[in-house]
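> Got a structure for you, written out below as structure tokens; questions coming shortly.
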């Protein structure tokens with residue numbers, strides 16, 4: 001092809017395509033500079049954590065990838081659809097997003113050369129993070145403890161809904177013992193192998209706090225590095241942290257929080273903008289692969305061909321001490337967040353106002369849904385049921401227990417919309433009215449402990 005022909009084609013392309021291409025690049029740049037998508041994805045993760053507990057309560061068959069070792073897979077047992085029962089994968093998303101959000105501002109300041117402000121921001125953020133996790137969790141535990149002492153969980157504790165039954169504590173024998181039980185519950189939420197009998201989902205909060213502290217410490221150690229060497233350091237930490245599973249109790253923490261920092265570095269680079277024209281081609285298959293990996297079952301992996309394939313690859317590629325049930329879901333969650341960072345279209349989709357609202361109420365939803373399920377939902381579902389005999393087995397022994405049987409589908413269809421309206425109304429009220437109070441308490445504690453309290457102005461001396 002002659003140089004004249006190439007010149008004519010180039011000129012034509014510039015005249016006909018330059019304006020929309022420039023507009024598209026401007027829109028992509030704006031989308032890639034917006035981090036509100038993290039709130040949208042956090043809201044989705046909170047909803048799916050709630051769905052995972054409903055799955056364990058009312059549809060435990062979804063946890064398995066098939067009905068038997070040589071059985072068929074039902075629709076909700078298949079990849080992606082079974083994500084309604086994959087709580088650990090969505091908890092991994094929480095930790096990744098926590099690392100991403102907590103490192104955005106310090107990394108931006110570090111890239112601008114404003115190291116002192118970045119260090120100050122890290123110090124204040126690490127202080128606030130502890131209060132903003134502990135105070136709402138303690139309040140939710142107190143509420144759950146209080147309604148438990150009045151027998152609000154007795155129906156759930158005696159039901160045939162597995163998750164409701166095993167997470168509903170008994171009424172304490174006395175108010176003195178009840179206060180002791182409450183203190184132990186709040187304390188045990190933040191210990192190694194955390195356990196809160198009044199709000200079981202709070203087991204993840206200690207790991208969220210732990211991951212946040214890892215982020216702050218890692219940034220503190222690398223804040224003076226250039227972005228290239230900071231990325232190299234975080235990649236080394238990511239590989240190294242796969243061996244933490246046995247030592248710190250949960251294998252998702254290190255690998256997820258360091259990925260959050262890496263994604264924040266990527267977010268502040270030009271790479272997402274350069275790849276944005278190609279994102280419609282690579283983002284959908286990447287997201288699809290991520291969702292399939294997140295669907296990896298925690299047990300009976302050999303029962304389905306797709307999960308058995310991932311099981312075999314786990315033994316080939318997994319680092320030492322990596323936990324089987326968390327390895328692929330955590331990798332999938334990391335790949336999903338990476339895809340969103342690289343795709344302006346996915347960012348815009350996750351910045352939908354409804355998803356942003358879900359993100360705003362995500363933490364209250366995480367804290368309150370368990371108590372609402374054990375009380376309100378149990379009352380609505382089992383109100384017309386009577387105790388019936390169930391035969392249970394413990395090894396070679398069998399015994400009879402009295403339980404409330406699960407109601408029919410019609411009851412679920414009627415009850416669930418009512419329950420969701422009440423639950424999301426309560427979480428909205430909590431986010432609007434209660435959360436700001438925790439913010440005020442945190443601010444006052446910060447002013448007091450950082451020496452920012454204003455001294456009272458001296459009254460003028462009267463000379464009568």
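Counting starts with 1 at the first residue shown.
From the backbone N, Cα and C atoms, a Cβ is placed for every residue, glycine too.
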> Of 7-25, 64-82, 83-101, which span is tagged transmembrane segment by TrEMBL?
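In TrEMBL, residues 83-101 carry the label transmembrane segment.
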> Checking feature assignment: transmembrane segment per TrEMBL, candidates 386-408, 409-431. Which range matches?
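In TrEMBL, residues 409-431 carry the label transmembrane segment.
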> Looking at the stretches 83-101, 133-153, 204-225, which one shares the most CB pairs under 8 Å with the transmembrane segment (43-63)?
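Top-ranked stretch among 83-101, 133-153, 204-225: 83-101.
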> Would the transmembrane segment (354-372) count as touching the transmembrane segment (83-101), if touching means at least three Cβ pairs under 8 Å and pairs must be 6 or more apart in sequence?
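They are not in contact.
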